[in-house]
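**Q** Per TrEMBL, the feature substrate binding site maps to ARG38, GLU66, ARG67, LYS68, TYR69.
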Amino acid sequence: GQGVDEPLSATGFRQADAAGLFLSNVKFTHVFSSDLLRAKQTAASILGKNKFCKDLEIKYDARLRERKYGVAEGRPLTDLKAMAKAAGEQCPSFTPSGGETLDEVRERARDFFEFLCQLAVELEQKEQDMHGASSRSSGAAEEELVFPWTNHCSEAELGSDNGGASKILDANILVVSHGAYMRNWIGYFVSDLNCTLPRNLTKSQLSSVSPNTGVSHFIIKLENGNLLKPEITCICLNQDSHL
């Protein structure tokens, strides 16, 4: 939850370092993190291992916080499940007293995602104003677009039709958040925005919480800067081969 702002454990730091090595060849343009300590430390560990953007500023945003669990915060998951059972409900739809509903979490995710889309559109417009529309067709060093998970998906999923690794991206954004929050965000992508999923993804994988430092990769296309109809392709979900 949000109320117990604990640091990473020794295992957590090892996992964050492993994620950093996994992502070390990816050149990020922006990094956003939850403002909770465990996410801040994870983001710092990932950037510390990066070959291109060690000095990139991490921007902290309360919209990326974990779901608020009210009276259940800081208590074992078994306690939350017992509360849900006593109320005749099941996790994760159960909302403890003082906690956030799933709809409230999804609204936070929607708000933050729309902010990211607006950021990307403004970057593209700035680039065109400075250099002309043709400037994006050349020039990125090949290693800047090395994505470590390409062996986990088909080449078609990373092809140019999906705005994938073969094209220069207006923004390549790292977001560090939390398991329950990200599950709701991904649910928003799928149910509200018709995100295209990897062909081999099962329903149980889609509804499961990511392992610690699990990596999900989405490509977002905003055709002609249209913020209302983003095309979203999921390249991988909750990838943990680095652990």
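The backbone N, Cα and C atoms fix where each Cβ goes, and this holds for glycine too.
Keep in mind that TrEMBL annotations are predicted by a computer and have not been checked by a curator.
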**Q** Taking 10 A as the limit, how many CB atoms besides its own sit near the CB of TYR69 (substrate binding site)?
**A** 24
**Q** If you take the centroid of the Cβ atoms of ARG38, GLU66, ARG67, LYS68, TYR69, the listed substrate site, which other residues of that chain have their Cβ within 8 Å of it?
**A** GLY1, GLN2, GLY3, LEU36, ARG65, GLU73, HIS178, ALA180, TYR181
**Q** Would you mind listing, in sequence order, the residues at least six apart from ARG67 (substrate binding site) in the same chain with a Cβ closer than 8 Å to its Cβ?
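**A** Once residues fewer than 6 apart are set aside, ARG67 (substrate binding site) is near GLY1, GLN2, GLY99, GLU100, LEU102, VAL105, HIS178, ALA180, TYR181, ASN184.
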**Q** Per the record, substrate is bound by ARG38, GLU66, ARG67, LYS68, TYR69: how many Å separate the farthest pair of Cα atoms?
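**A** Farthest Cα pair among residues binding substrate: 17 Å.
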**Q** Give the number of CB atoms, excluding that of GLU66 (substrate binding site) itself, located within 10 Å of its CB.
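**A** Looking across every protein chain shown, the total is 21.
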